[in-house]
Amino acid sequence: MLRSLRPLGWLWLWVLHSLEQLALPAASGREIDVAHYRERVKSMFYHAYDNYLENAFPYDELRPLTCDGQDTWGSFSLTLIDALDTLLILGNVSEFQRVVNVLQEGVNFDIDVNASVFETNIRVVGGLLSAHLLSKKAGIEVEAGWPCSGPLLRMAEDAARKLLPAFQTPTGMPYGTVNLLHGVNPGETPITCTAGIGTFIVEFATLSHLTGDPVFEDVARKALKTLWKNRSSIGLVGNHVDVTTAKWVAQDAGIGAGVDSYFEYLVKGAILLQDEELMSMFLDYNKAIKNYTKFDDWYLWVQMYKGTVSMPVFQSLEAYWPGLQSLIGDIDSAMRTFLNYYTVWKQFGGLPEFYNIPQGYTVEKREGYPLRPELIESAMYLYRATRDPILLELGRDVVESIEKISKVDCGFATIKDLRDHRLDNRMESFFLAETVKYLYLLFDSDNFIHNNGSSFDVVLTPYGECVLGAGGYIFNTEAHPIDPAALHCCWKQKEEQWEVEDLLREFYSLKRNKKFTFTRTSDKMEKDSADTSSEDCKGPMCSKQKTKGRIPLLSCPSQPFNSKLAVLGQVFLDNT
């Protein structure tokens, strides 16, 4: 039993932070013009996006210094897939609709390409799933049965099935690369990074719940459990492992490169699936991380079996950690670590890939900044939790720095060296999927992504009514938002569903002394217009439904609250 877990929505995080304000340093500087920077971020997006379309499409990425394109992760028009949900978050419905048509007509996964299993999952499968779930909001006429069916869902499923051969190992941990046409190459290396093994549960569980095929969630869970089983005696994992033998090849333990999104997906998977086992795993890891790797609100790298320091460095990828800490309510620690990382940004105008903490400077050959989003991601999460203006200052500094250092005629270029601001000829797709998106959401508190449950849509599926768009979106590690409510729309046996609902309808009708009567009209249940009472229904979902004048059949009376989607992002209730 997880005794310490409480509801951890944005409102709860704000309450926690309000009790801890005295522990945080006061923000400085004049007030940030949020609307001004929101428009600046939008202009950044279109400068990059338009140049990709003009100079690089249908290649994966834009090369901004030579104004052309290149394939990098598999020849998927990757930047277009990665940018799709950002278009809707920026309010561009017409372009979202156009791109959906382009992708349906032009993207094919039956190609003889060796693709990264990890990158294809987070960018392609995650991007398509998110776009599928946002289609109705974008004004697309969805097919009957949506969100349990649809062309983008079928594309996501097709892409994910191409990855399944990688999981056919003795341990269930996947190979790092798979050929999309032929499966795993005979000579493929069995060495995979920890993140490349533990970063599937968000996308694969969503896919299983929407399609009804459990294979995706099953393989993702097996990989997670194998990592957990092979942690060290002091509770840490290394960053590279042999997927055929489960032997750790690289035994450096930390929160950064090679490990990062494994921890992220334990937390996000727990929230998405209301899964106490995943959260329990993370909390145990979190104790070990604090005990062995945390020094003065920095996180170092240590030997996974001994806990001795192996690398006293901060990596830019580690900047996601304060945002992740905010999701479990550890605001005070998150803010202190965030402020450490922010000092590095101020020193260079960006985060170098590696930063030597004792020396206070970059590490040789790791001086670059490829416009990564992680520090901005943490700022967005923490600002939602605290409203601390220093987080807006970070957003302002990022906009000013990227535009000054990285902007070129054909887009935004990777910074090859933060010491002299030399540029490299690459603009990774995550710049539009993550960096710009998190910046925009930091400056746009009224965006639909931040919905607190005050509005929602009721959608009819073949399995009953479904509440969507109520908020609580879970971002995958490529910043593609997944609506957790959607996982409750389709996960039932088609041939049994109506029979079960018929029995429950009869049972609750008798239980309430016929206060409620239901009729099925066009395959949906309608509340009798004569009824005016709903005393038996409690909780946020029911109060919202009452305002609509109707209650889904399988709503609050038939399920305990802790099994319902919590629109404010609550994780678990403590019933002890």
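Backbone N, Cα and C atoms are what each Cβ position is placed from, and that goes for glycine too.
Note that the coordinates shown come from a computational prediction; the quantities given were computed from them, not determined experimentally.
Taken verbatim from TrEMBL:
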type	residues	note
ACT_SITE	Glu119	active site, proton donor
ACT_SITE	Asp260	active site
ACT_SITE	Glu353	active site, proton donor
ACT_SITE	Glu374	active site
BINDING	Thr477	Ca(2+) binding site
SIGNAL	1-25	signal peptide
For Thr477 (Ca(2+) binding site), the number of other Cβ atoms found within 10 Å of its own Cβ: 25
For Glu374 (active site), nearby residues of its own chain (Cβ under 8 Å, 6 or more apart in sequence): Ser316, Leu317, Glu318, Ala319, Tyr320, Gly323, Leu351
Fewest other Cβ within 10 angstroms of its own Cβ, chosen from the active-site residues Glu119, Asp260: Glu119
Candidates Glu119, Asp260, Thr477 (recorded positions) - the one closest to Glu353 (active site, proton donor) by CA: Asp260
Distance, Asp260 (active site) to Glu119 (active site, proton donor) (CA atoms, angstrom): 14
Cβ neighbour count within 10 Å of Glu353 (active site, proton donor): 22
